[in-house]
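Taken from Swiss-Prot as is:
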type: BINDING; residues: G169, D170, R171, Q172, T173, G174, K175, T176; note: ATP binding site
type: SITE; residues: S370; note: site 'Required for activity'
Amino acid sequence: MKLKPIEVADILQKEIANINCLSELEEVGQVINVGDGIAKIYGLANVQSGEVVEFESGVKGLVLNLENDSVDAVIMGDDNQVQQGDKVKRTKEVLEVLVGTALLGRVVDALGNPIDGKGDIKSKEYRHIEMKAPGIIDRASVSEPVQTGIKVIDLLIPIGRGQRELIIGDRQTGKTAIAIDTIINQKKAHSLNDEKDKIYCIYVAIGQKRSSVAQIVKKLEDAGAMDYTIIVSATASEAAALQFVAPYAACSMGEYFRDNGKHALIIYDDLSKHAVAYRQISLLLRRPPGREAYPGDVFYLHSRLLECAAKMSEEKGGGSLTALPIIETQAGDVSAYIPTNVISITDGQIFLESELFYKGIRPAVNVGISVSRVGSAAQIKAMKQVAGSIKLELAQFRELESFLQFGSDLDSATKAQIEHGKRLVEILKQAQYHPFSVEEQIISIYAGTKKYLINIPVERIKEFEEKMLSEIKQNQKDILESIKSEKRITEENEQKLKTFLENFVKDFVKID
């Protein structure tokens with residue numbers, strides 16, 4: 001049988017197509033220099049920026065600099081395991097992290113590996129650590145509240161689901177305490193088993209001491225809050241590359257909940273250390289330094305992270321991701337580079353002051369310069385009813401307070417205003433790890449703003465509040481239930497509340 005040349009060509013093509021070629025070409029380069037967590041690699045001509053490479057020892061690297069004849073990669077782990085002359089291969093992948101509900105209750109590192117000794121995480125879903133933020137069309141306006149359980153915040157600086165609210169202040173002023181209290185306060189919503197009220201929490205520790213992270217884990221476990229919380233830890237002892245990646249990895253975990261119609265809250269503690277880690281990497285990569293030696297793209301570093309916080313439209317599932325970034329200031333200087341950057345990115349800030357903290361006013365929130373730009377739309381009507389002019393009254397009190405040092409030559413109206421201000425400040429104080437329900441907050445603030453506390457000594461305000469809330473829970477539950485269901489104070493309920501407070505104040509003063 002004679003075959004025509006064209007038939008031979010067809011047969012050969014079919015045979016070639018049927019060959020199962022198992023061998024795969026790998027692009028391999030070589031480490032020509034390594035030090036300070038940076039490896040210079042020769043021979044990876046086609047590698048892309050942001051691609052993951054794998055070193056001979058199994059340690060991963062992230063390519064950040066592309067040059068004519070070499071590339072620079074940050075080592076995602078111990079740089080002692082990478083030696084000059086080691087082979088490096090391309091993975092043709094970008095950084096991914098495990099996501100899903102299986103992560104709840106776990107402590108993981110910046111790459112999503114468990115570090116709590118509780119075994120592997122049973123999740124098969126991965127997500128890229130840098131996803132594009134939702135567009136304008138995919139978003140909805142902020143309309144539902146995130147209840148922190150902290151009176152001064154829920155009343156005066158309300159936070160909505162999908163908002164980005166900065167917590168800023170000097171070291172040791174209670175920034176982390178506010179974040180942890182907010183996580184603990186979500187426990188009640190999780191116990192009610194209504195998915196639309198639940199908020200899943202993610203806490204990212206960047207550049208902190210391991211002992212501090214261990215304390216936070218212990219506190220959340222004791223409060224029963226770890227069941228709905230993920231902790232991502234990139235401590236001070238870990239590579240700068242891991243501290244740089246940690247917030248993005250945690251954000252991807254939060255985006256999983258947001259994109260599946262659920263609600264998540266993410267706390268970045270803190271972004272000052274994140275910027276320092278990025279500055280370290282940039283300087284080692286020999287990128288040009290700018291103001292305070294930070295690289296030129298340090299604004300974009302945080303803006304692309306915080307833009308992922310959003311309230312999604314109903315067409316996209318109606319989920320949300322709320323961000324609470326934390327920034328540490330030096331001697332109260334909010335005009336420094338990183339603080340001003342993050343203030344301009346976020347939708348408001350809670351400013352904590354050392355002076356107030358040392359005076360015993362805790363949480364040490366400076367109400368005058370703290371603001372929530374979009375949260376008021378999410379605040380329930382009952383809160384707006386009791387808040388009234390409290391911000392103005394507190395500002396006037398702060399102004400009049402300075403006159404106290406000049407003695408008692410003040411008119412009776414000014415004295416009365418100062419006494420009222422002192423009681424407002426006292427009623428807004430709150431112990432750590434002691435969140436209040438919305439109804440309890442409303443009752444307490446109502447008593448303060450309507451001047452029911454004027455005859456009660458300042459040092460007994462806390463005792464009065466505890467006894468009043470205990471009494472109302474036992475004998476006037478209908479007042480609390482009405483506020484909870486109506487989300488406002490009805491005329492009938494207000495009358496009941498007035499009668500209760502008048503009688504309770506009389507009895508309290510009489511016992512005194």
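Just so you know, glycine gets a Cβ as well, placed from its N, Cα and C.
Overlay of Swiss-Prot annotations on the structure.
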{"residue": "G169", "record": "ATP binding site", "DSSP (3 states)": "strand"}
{"residue": "G174", "record": "ATP binding site", "DSSP (3 states)": "coil"}
{"residue": "S370", "record": "site 'Required for activity'", "DSSP (3 states)": "coil"}
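S370 (site 'Required for activity') is 15 Å away from T173 (ATP binding site) when you measure Cα to Cα. The Cβ of D170 (ATP binding site) lies under 8 Å from the Cβ of E328, T329, Q330, A331, G332, L352, E353, S354, each of which sits 6+ residues away along the same chain. When Cβ atoms from all protein chains are considered, those within 10 Å of G169 (ATP binding site) total 27, not counting its own.
Of the listed recorded positions Q172, T173, T176, S370, the Cβ environment within 10 Å is emptiest of other Cβ atoms at Q172. Each of the binding-site residues R171, K175 was scored by the number of other CB atoms within 10 A of its CB, and the lowest score belongs to R171. For the ATP site, the Cβ centre of G169, D170, R171, Q172, T173, G174, K175, T176 serves as reference, and the other residues of the chain with Cβ at most 8 Å from it are E328, L352, S354, F357, A364. Around G174 (ATP binding site), the C-beta neighbours below 8 angstroms that are at least 6 residues distant in the chain are L352, F357, R362, P363, A364, Q432. Cα spacing between Q172 (ATP binding site) and S370 (site 'Required for activity'): 18 Å, rounded to the nearest whole number. When the alpha carbons of G169 (ATP binding site) and S370 (site 'Required for activity') are compared, the span between them is 11 angstrom. The two recorded residues K175 (ATP binding site) and S370 (site 'Required for activity') have their Cα atoms spaced 13 Å from each other.
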